[in-house]
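Trainee: First, the structure itself, so that you have it in front of you.
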Amino acid sequence: MNWRTDFSLSKHVTRLLLLLATRHVYTHGRSLPDRSEWGEEREVAVMDVMRAVRVRSFAWQAMRPGQNPTSMLVLKGGEEKWGGAMSEQPLPQPRSSMREALEKEDKEKAAAAKEKEKAAVPKNGGGGKNGGGNGGGNGGAGAQPGEETTREIQVVREAYRREPAGSAYVMPEEPPAMVELVGWYLYGFCSYFITHLLLPVLFPAIITQVAFPASDFTPDAKYIVKGATCSIHEMSMYQRLTKHSIAIDGSRLSPLGWSGLSWAIGILIAAPILTQAAHHLDRGQYQSLILIAATSFGSFFCLLTGFFKTVWVFLFYILFIGSSIIVAEAVHTRNLGLMIRGLAAHDSGKHLVLRRRAAASQLTLYCTAIGGIGAALMAAFMYHMLRRTDQLTGLWVVSIFSGLIWFIGICHGLFTNRPSSSSPTTAFEPNFFTKLSYSMTLVRYPQAIGSLVAVFLSSFATMCIFTSGTLYAIGGVCIKPVLVLVLWILYFLFPLISLPLLHPIQIIIRADAVRMQLLGFIICLFVSGAGFYFKSHRWRAAHIIVIALVQSTANGVLYSFGRILLLDASPPGKEGAFAVWYAFVRCVGAMIGFAAASAGPGRAGGSFAAAFLGSFLGIIVLIFGNVSNIGALKAAGHLKGMEDEKRLGMEKGEGMSAVADSGEGRGRAVYGIRYGVAPAIPVRIMGDTKKKPIE
């Protein structure tokens with residue numbers, strides 16, 4: 001036996017052992033920078049070892065009695081091959097990824113189909129009527145260059161319109177850097193209070209001061225609620241807030257109703273803008289500019305609320321701010337989807353599901369908790385300014401500070417920019433209808449539609465409970481203003497404790513986004529049911545505070561996991577289109593919940609009944625609507641990599657056999673070499689030693 005065989009085998013085995021040692025260091029010490037590079041080196045080392053084993057086996061066969069040692073041929077690379085003993089089948093090459101193998105296979109099929117089309121062209125024109133023997137007539141002439149160009153453009157347009165789900169050519173995302181995470185959390189802190197406090201609480205209070213000043217209002221001499229006499233000064237604000245004092249075309253609206261109407265108009269105006277923004281979020285390169293522009297535009301109108309003492313101008317303020325927050329939240333949600341995909345880029349199968357679940361819940365739960373801090377600060381500042389004599393100026397100052405804090409959120413756009421990873425290579429700009437068709441991509445995914453319905457119902461129920469509970473606490477129970485402040489602060493700050501504690505519990509019990517949303521809906525069902533059942537009783541302050549603490553947790557859970565479930569249902573490269581729908585539907589649900597609660601402020605039972613019905617329908621949708629977290633991931637193509645590896649392992653039998661990781665299904669593969677009949681040898685797969693025959 002030649003000494004080169006032993007040397008080659010020992011060299012490759014030593015290299016593989018070193019790689020396994022460094023892998024152990026990476027697993028426990030986190031010293032290696034890139035897992036994908038280690039995976040490729042491991043595969044190359046495994047292939048080298050298998051080649052050396054193969055050469056050594058043929059060397060043993062050649063040294064048996066009766067073999068002709070002169071049949072050995074020395075190859076260029078130093079390896080030795082025995083003629084007549086070794087199969088002519090080529091060795092498989094190590095793969096960098098299963099996706100690349102599939103892409104290569106698709107390209108080969110497309111090239112073969114194209115060759116067939118070219119070969120079929122002369123048959124149609126060879127014996128043309130006017131073409132003679134050379135086929136030069138009209139029937140034998142090939143397609144003109146202009147016709148070929150037109151056909152190619154048409155094919156590209158059709159491919160762009162189809163937009164197949166789970167595109168195999170989307171580049172992987174990088175994990176978020178620390179500065180990107182800081183910017184993402186900062187924007188949650190600076191924008192959470194816009195839809196939870198600014199639009200439903202601050203603007204109705206400002207409109208009340210403009211439409212019905214305290215100097216023009218004569219309060220009731222005596223205000224009695226459920227046998228308790230309320231302070232006239234304390235009830236002045238509530239009476240003006242609910243009084244129908246704004247005349248519009250023969251009808252009158254209260255400041256609450258005018259705020260709801262302006263909010264609804266702003267949502268309608270934002271709809272056509274969002275259809276165009278969806279395309280730019282997924283196909284553009286400057287998504288951060290969209291976030292900066294929307295945030296700057298909305299925060300600018302927060303500064304102007306006190307300049308004009310007329311009610312009509314607030315229609316434009318609210319609709320511009322409402323449309324801006326929808327666009328900005330869509331960008332914020334889209335970046336969350338890309339960060340989750342980057343954190344789970346090196347996992348597959350069950351590990352990908354667990355990794356996405358842990359990363360997504362941690363990011364969004366912490367962001368919701370941090371956003372509650374900003375809302376609590378603005379609530380305390382609003383209460384402080386309402387104690388001033390000039391309440392309109394004080395509320396204007398609160399609006400100015402709200403705009404400034406919201407403007408600070410542009411740091412998220414400055415700290416990060418995740419451009420599109422699946423931009424089309426077309427030379428034409430899609431028109432309005434093409435972008436509109438792209439924004440409707442979500443309708444082809446039933447799991448995403450079910451999650452959107454759950455988002456709408458959760459937003460409706462939580463906003464309805466918050467608004468009706470606040471109005472009932474002020475006008476129905478007649479609690480002190482300082483207790484209203486305590487109620488708001490506890491409502492916004494308690495998720496800072498409950499949500500981070502809920503995250504490890506979710507990981508331990510392995511609850512997905514659907515089950516966590518069911519938990520939130522059940523809590524809302526309990527709170528709204530209790531409010532409806534005890535609507536005729538006089539609630540104590542302690543009861544209201546307990547209800548606020550429980551409901552704040554439900555609001556945080558529904559807000560967080562509704563977004564996670566929709567992002568799980570969005571295919572790679574289309575997070576922008578799905579995030580636009582999420583932001584729009586969530587804002588619509590909040591607006592309708594606010595309108596339902598403010599329509600009858602003195603009839604809290606109806607508002608609680610509406611919230612109870614919304615929570616019940618949300619549970620029905622999640623249970624019987626065929627909505628599941630794993631189903632959403634599969635439909636979106638996030639688990640397609642594991643299926644591709646299994647398919648390659650079954651279909652590409654010549655020269656390659658994939659041995660999937662048992663138990664966890666991570667999709668890692670170890671390649672064997674087919675060269676006739678070989679005895680079973682122990683194969684090490686992710687720490688488990690099993691006997692696997694080399695096919």
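Cβ atoms here come from the backbone N, Cα and C positions, even for glycine.
Just lifted these from TrEMBL, have a look:
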{"type": "COMPBIAS", "residues": "97-120", "note": "compositional bias 'Basic and acidic residues'"}
{"type": "COMPBIAS", "residues": "124-143", "note": "compositional bias 'Gly residues'"}
{"type": "REGION", "residues": "82-149", "note": "region 'Disordered'"}
{"type": "SIGNAL", "residues": "1-29", "note": "signal peptide"}
{"type": "TRANSMEM", "residues": "184-207", "note": "transmembrane segment"}
{"type": "TRANSMEM", "residues": "260-277", "note": "transmembrane segment"}
{"type": "TRANSMEM", "residues": "289-308", "note": "transmembrane segment"}
{"type": "TRANSMEM", "residues": "314-331", "note": "transmembrane segment"}
{"type": "TRANSMEM", "residues": "363-383", "note": "transmembrane segment"}
{"type": "TRANSMEM", "residues": "395-415", "note": "transmembrane segment"}
{"type": "TRANSMEM", "residues": "449-475", "note": "transmembrane segment"}
{"type": "TRANSMEM", "residues": "481-502", "note": "transmembrane segment"}
{"type": "TRANSMEM", "residues": "514-534", "note": "transmembrane segment"}
{"type": "TRANSMEM", "residues": "540-566", "note": "transmembrane segment"}
{"type": "TRANSMEM", "residues": "578-599", "note": "transmembrane segment"}
{"type": "TRANSMEM", "residues": "605-624", "note": "transmembrane segment"}
Trainee: Using a Cβ cut-off under 8 Å, which residues of the same chain at least 6 positions beyond either end of the transmembrane segment (184-207) come close to it?
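Mentor: Distant contacts of the transmembrane segment (184-207): 176, 237, 241, 246, 255-256, 258-259, 262-263, 291, 295, 298, 302, 305-306, 311, 314, 317-318, 321-322, 325, 328-329, 332, 335-336, 339, 363, 366-368, 370-375, 378-379, 382, 386, 392, 395-396, 398-399, 402, 405-409, 411-412, 416, 463, 466-467, 470, 488, 492, 586-587, 590, 594, 598.
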Trainee: Determine which residues of the chain contact the transmembrane segment (605-624) at the Cβ level, with the cut-off under 8 Å and only residues 6 or more beyond its ends counted.
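Mentor: Same-chain residues near the transmembrane segment (605-624) but 6 or more away: 450, 453-454, 457-458, 460-461, 464-465, 467-468, 514, 517-518, 521-522, 524-525, 527-529, 531-532, 535, 593, 596-597.
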Trainee: Counting only residues 6 or more past its boundaries, what in the same chain has a CB within less than 8 Å of a CB in the transmembrane segment (449-475)?
Mentor: 196, 200-201, 225, 235, 237-238, 242, 442-443, 483-484, 487-488, 491, 517, 520-521, 524, 527-528, 531, 539, 544, 547-548, 551, 554-555, 558-559, 562-563, 565-566, 569, 581-582, 585-594, 596-598, 601-602, 604, 607-608, 610-611, 614-615, 617-618, 621-622, 625-627, 632
Trainee: Hey, which of 260-277, 289-308, 363-383, 395-415, 514-534 has the most Cβ-Cβ pairs under 8 Å against the transmembrane segment (314-331)?
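Mentor: By Cβ pairs under 8 Å, 260-277 leads among 260-277, 289-308, 363-383, 395-415, 514-534.
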Trainee: With pairs closer than 6 in sequence left out, are the transmembrane segment (289-308) and the transmembrane segment (395-415) joined by 3 or more CB pairs under 8 Å?
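Mentor: Contact between the transmembrane segment (289-308) and the transmembrane segment (395-415): present, because at least 3 Cβ pairs are under 8 Å.
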Trainee: Apart from its near flanks, which chain residues at least 6 from the ends of the transmembrane segment (363-383) lie with a Cβ under 8 angstroms of it?
Mentor: 181, 184-185, 188-193, 196-198, 201-202, 205, 336, 339-340, 395, 398, 401-402, 405, 481-482, 484-485, 488-489, 492-496, 499-500, 502-503, 552, 556, 559-561, 563-564
Trainee: Can you see whether the transmembrane segment (260-277) and the transmembrane segment (578-599) are touching - at least 3 CB pairs under 8 angstroms, only pairs 6 or more apart in sequence?
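Mentor: Stretch pair touches.
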Trainee: For the transmembrane segment (578-599), what are the same-chain contacts with Cβ under 8 Å, counting residues 6+ beyond its ends?
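Mentor: Distant contacts of the transmembrane segment (578-599): 195, 199-200, 204, 254, 256-257, 259-260, 263-264, 267, 270-271, 274, 277-278, 281, 322, 325-327, 329-334, 336-337, 439, 441-442, 448, 452, 455-468, 471, 562-563, 566-567, 569-570, 607, 610-611, 614.
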Trainee: Go through the chain and flag residues at least 6 beyond the ends of the transmembrane segment (289-308) whose CB is under 8 A from any CB in it; none is fine as an answer.
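Mentor: Same-chain contacts beyond the flanks: 187, 191, 194, 198, 203, 206, 277, 280-281, 314, 316-317, 320-321, 323-325, 327-328, 331-332, 392-393, 395-396, 399-400, 402-404, 406-407, 409-410, 412-414.
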